[in-house]
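**Q** Following this message is one structure expressed as structure tokens.
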Amino acid sequence: MGKLIDIPIVVESGQKYKTSQGVTAIKDGIKSSGQDHERLPKPKWLRIVNHTTPAYSQVKEQVQKHRLATVCEEAKCPNISECWSHGTATIMLMGAVCTRACRFCSVDTGNPHGWLDAEEPENTAETVALMNLDYVVLTSVNRDDLPDGGANHYAKTIRAIKKRSPRTKVEALTPDFQGSERDVAVLLDSGVDVFAQNVETVERLTHPVRDNRAGYQQTLNVLAFAKKYRPDVLTKTSLMLGLGETDEEIIQTMDDLRTHHVDILTLGQYLQPTKNHLPIARYVTPETFSELRQIGLKKGFFEVASGPLVRSSYRADRVFKRDNLGLDV
């Protein structure tokens, strides 16, 4: 009798499957609609140059060795080769299954039923130390199945990083914790340097773009509380363009963010990850991104990173230092 061969099962986008923890999840977050929207032709300025360097291989090796999920992979980020080739990565905590289903995001959706990797804080700290990072971005899926939304897990991870790598700056791109100030405070007391929570889109488009449990005002309130509670911590948010918003709505969102004391803003082009996700309404030109950056700076943002391929954590270390060279062209 011949030897049995393990054949990997390929899960199609929009289909249900079981994770290694036994969680039922939907691949890429959105159920298959059976429809294929007509896509706008991609403009030449959105061409992505792949970088392959020893640093890229080193980051990939460390991520796999310590069983870390990265938003670079899970969210199909267009900048993965560039960032990894520069020895940086955005680490995604608390697994790769999100309890929410935002219609722009390709992270898998399901209910982890309270599962957490207890070794993740120390594994993450070890990886950051081995990479010798000056700056690290931590993000996560939403974990509405946890009483604190994962705030204590974030805090443990940040403290572990600071203990092993005290000079490393830590940015936390977090869920909204359902607006709980208590949970946000737990994270802010961990020694984090930058607190980020993404508003994602303009107020009018919040409901069709984000999960119903998210809210425009809820995000603004979380960011305002963070600044009030810890004035020394920089606050940050991100806005995707090309979902049907107007330039006037973008500027109004800037005003709302400044009213709520947000320090840093990133602006980037929305890219449709699969045919089941929201279609692209328009491609915003590099010139418009550059103009919006100047408008934002005049409104008093500490920094505005603005460009077609900019994502919330893209070159975050340079944005933190106000070294935004090349991000607005």
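Note that the numbers count up from 1, one per residue, in the order the chain is shown.
In case you wondered, yes, glycine gets a Cβ from its N, Cα and C as well.
According to Swiss-Prot, the protein carries these features:
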BINDING   C72, C77, C83, S313  [4Fe-4S] cluster 1 binding site
BINDING   C98, C102, C105  [4Fe-4S] cluster 2 binding site
DOMAIN    83-303  domain 'Radical SAM core'
**Q** May I have the list of same-chain residues other than C98, C102, C105 whose Cβ is within 8 Å of the Cβ centroid of the recorded [4Fe-4S] cluster 2 site, in sequence order?
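**A** Other same-chain residues near the [4Fe-4S] cluster 2 site: G29, R100, A101, F104, S106, V107, T109, V141, N142, D211.
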**Q** Spatially, and counting Cα to Cα, which of the binding-site residues is closest to C72 ([4Fe-4S] cluster 1 binding site)? Options: C98, C102, C105.
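**A** Smallest Cα separation from C72 ([4Fe-4S] cluster 1 binding site) among C98, C102, C105: C105.
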**Q** Taking only the Cα atoms, work out how far C98 ([4Fe-4S] cluster 2 binding site) lies from C83 ([4Fe-4S] cluster 1 binding site), in Å, as a whole number.
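**A** About 24 Å separate the Cα atoms of these two residues.
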**Q** Between C-alpha atoms, which of these binding-site residues comes nearest to C102 ([4Fe-4S] cluster 2 binding site): C77, C83, S313?
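**A** Looking at Cα distances from C102 ([4Fe-4S] cluster 2 binding site), the smallest one goes to C77.
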**Q** Among C77, C83, S313, these being the binding-site residues, pick the one whose CA is nearest to that of C105 ([4Fe-4S] cluster 2 binding site).
**A** C77
**Q** Among all the protein chains here, how many other CB atoms are within 10 A of the CB of C72 ([4Fe-4S] cluster 1 binding site)?
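**A** C72 ([4Fe-4S] cluster 1 binding site): 25 neighbouring Cβ atoms within 10 Å.
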**Q** Please report the number of other Cβ atoms within 10 Å of the Cβ of S313 ([4Fe-4S] cluster 1 binding site).
**A** 30
**Q** Report the mean pLDDT of the predicted model across the domain 'Radical SAM core' (83-303), rounded to a whole number.
**A** 95
**Q** What count of other C-beta atoms do you get within 10 angstroms of the C-beta of C98 ([4Fe-4S] cluster 2 binding site), across all chains shown?
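**A** Taking all protein chains shown, C98 ([4Fe-4S] cluster 2 binding site) has 27 Cβ neighbours within 10 Å.
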**Q** Non-local Cβ contacts of C83 ([4Fe-4S] cluster 1 binding site) (under 8 Å, 6 or more apart, same chain)?
**A** C72, C77, A89, T90, Y314, R315
**Q** Would you say which of the binding-site residues C77, C105 has the most Cβ atoms within 10 Å of its own Cβ?
**A** C105
